[in-house]
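**Q** Below is a structure I'd like to ask you about.
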Amino acid sequence: MSHLILLFLLFLAPAFADGGSQKSTQNLCSNDVSHKRQKRDWIWNQMHIKEEIDTPLPHHVGKITSSVRNNNAKYIIEGEYANTIFKVEETSGDVYAFERLDREKKAEYELTALIIDRTNNRSLERPSKFIIKVYDINDNAPVFVQKVFNGSVPEMSPVGTSVTKVTAVDADDPTVSGHATVTYEVTTGGEYFTIDDSG
């Protein structure tokens with residue numbers, strides 16, 4: 001009987017040993033996870049603003065946000081027209097424009113976002129570049145590329161003979177449907193001449 005008990009214990013010993021090693025491995029893994037450094041990152045929303053907004057300044061452009069959790073965190077922006085045209089609310093990260101923008105003068109601005117500890121000015125995260133795009137409104141009339149276009153046609157030419165070509169351009173954004181589309185019309189002499197959309 002004592003031989004049977006001894007044999008039974010010999011079979012159970014490895015199982016107990018495995019259970020203990022698994023438990024210690026699980027504890028080791030959970031410790032690793034709890035001490036693992038959290039990845040911080042910038043969280044962006046789209047930065048854009050319409051040109052020539054006629055509501056009172058400033059105009060809200062967007063928001064820079066970091067996943068950093070620090071009660072002393074302070075947002076800063078640097079770069080093109082930072083702290084002149086564009087300013088950031090240092091606790092919320094909200095970015096505002098303090099001037100009405102004209103897309104035809106400048107279509108986008110490149111800025112850098114920083115987040116620092118206000119107590120020691122130490123950077124809490126790597127700086128990150130972002131772009132503010134200015135959206136077009138259809139605020140420009142087409143203009144002819146020259147004041148006078150001269151044309152000529154031989155007498156007795158058949159109907160449909162080309163006389164001249166005129167060209168007008170529009171400064172608005174051609175990627176926005178209809179904003180830079182130019183159409184032509186003959187205002188006097190329409191009984192003799194027609195013009196198509198190519199000029």
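Note that Cβ sites are derived from N, Cα and C of the backbone, with glycine treated the same way.
TrEMBL labels come from automatic prediction, so no person has curated them.
Values in this document were obtained by computation on a predicted structure and should not be read as measured data.
Look at TrEMBL and you will find 52-144, 145-199 tagged as domain 'Cadherin'. TrEMBL lists 1-17 with the feature signal peptide.
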**Q** Over the span of the domain 'Cadherin' (52-144), how high is the average pLDDT in this prediction?
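**A** Computed over the domain 'Cadherin' (52-144), the mean pLDDT is 92 on the 0 to 100 scale.
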**Q** For the domain 'Cadherin' (52-144), what are the DSSP-based totals of helix, strand and coil residues?
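**A** Reading the DSSP string over the domain 'Cadherin' (52-144) gives 0 helix, 45 strand, 48 coil.
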**Q** For the domain 'Cadherin' (145-199), DSSP counts of helix, strand and coil?
**A** 0 helix, 2 strand, 53 coil
